[in-house]
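Under the heading repeat 'Solcar', TrEMBL lists 10-87, 101-188, 196-286. As annotated by TrEMBL, transmembrane segment applies to 193-219, 257-279.
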Amino acid sequence: MGNEKKRKNMDPVKTGLNMLSVSLLQPMDIIKVRMQLGQGSGAQIASNILKTEGGYAAFYRGLSAALLRLPLHKAVQAGSYSIIATTVTGDNDRKPLSLGQKVMVTSTALTIGWAFSIPTQLAEIRMQADATFPTSKRRNYTNVFNALHRVVADEGVRVLWRGSVPEIAKQYALTTGCFSVYSPSFRYLKDSLGFGVTTSVIGAGVISSFMGCALSLPFDYVRTQLQTMQPDAYGKYPYTGSFDCVRKTWKTGGLPMFYSGFHFYFFRFAALTTISWFITKQLRRLDASISEKKITIKAR
């Protein structure tokens, strides 16, 4: 119980520091999105942003949505987990959750958290992609709240969840890829190659991030296409849904097109994973230090 309480107390701090990490790495995300939309290489996109879109500030388009998504997802996930776990525990005659039930409850809470945060993601992707459209077709959202309001007013509430299927599939692919590879990679680096704990943790994080990104980027690509698409002069959209997007993309560019921007996607996620691990480690040290001082003071 004490460890659970400490973990919850640290969550707001971790979320805040993760928001800082996302802010620092946001330029990689906008380049990845532009590459998925066929705007050229990373170097070409970065040069064009600097020359024609207002300089370095343009790399942070959509940041307000990215920063809102993190605490929103965390809050909804935590609330959902608490409600579902309490319900299941009641059905168990107050017995602790079994391993299978914990997996079910966690998966359901994660899905609900992802689903609630999709509108903010749609706003972010659209703001990042806006400059790629002709001037007459740009949406010119000023921030995440302006974007959400105008989407509802101009296109309807349902559009906020456009791209939900590939986005949730992406998150599961990313999570599954990372978790399935991390432990074997850590053991191999530490036990077989003789690396230290810190090196093994970072190395396993990079390897598992690569696997997660390789499995999830095709879903991310489809999500980007669906969330940024606009109707033509006759009101017809280029894709009718996820499967139509997959079919047309495969026909046009094959498998490589689904991996547009992979190196930026991978580097950003690997960096976030490493930073998150470092932050968690430092917070645990700080918490242990504070607890030790409290015990010393009480002993006196």
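The backbone N, Cα and C atoms fix where each Cβ goes, and this holds for glycine too.
Predicted automatically and left uncurated, TrEMBL annotations should be read as such.
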Can you tell me which parts of the same chain pack against the transmembrane segment (257-279), counting only residues 6+ beyond its ends and a CB-CB cutoff under 8 A?
14, 17-18, 21-22, 25, 28-29, 31-36, 38, 42, 174, 178, 201-202, 205-206, 208-210, 212-214, 217-218, 220-222, 249-250
Six or more residues beyond either end and a Cβ under 8 Å away: which residues meet both conditions relative to the transmembrane segment (193-219)?
166-167, 169-171, 173-183, 185-186, 258-259, 261-262, 265-266, 269-270, 273-274, 277
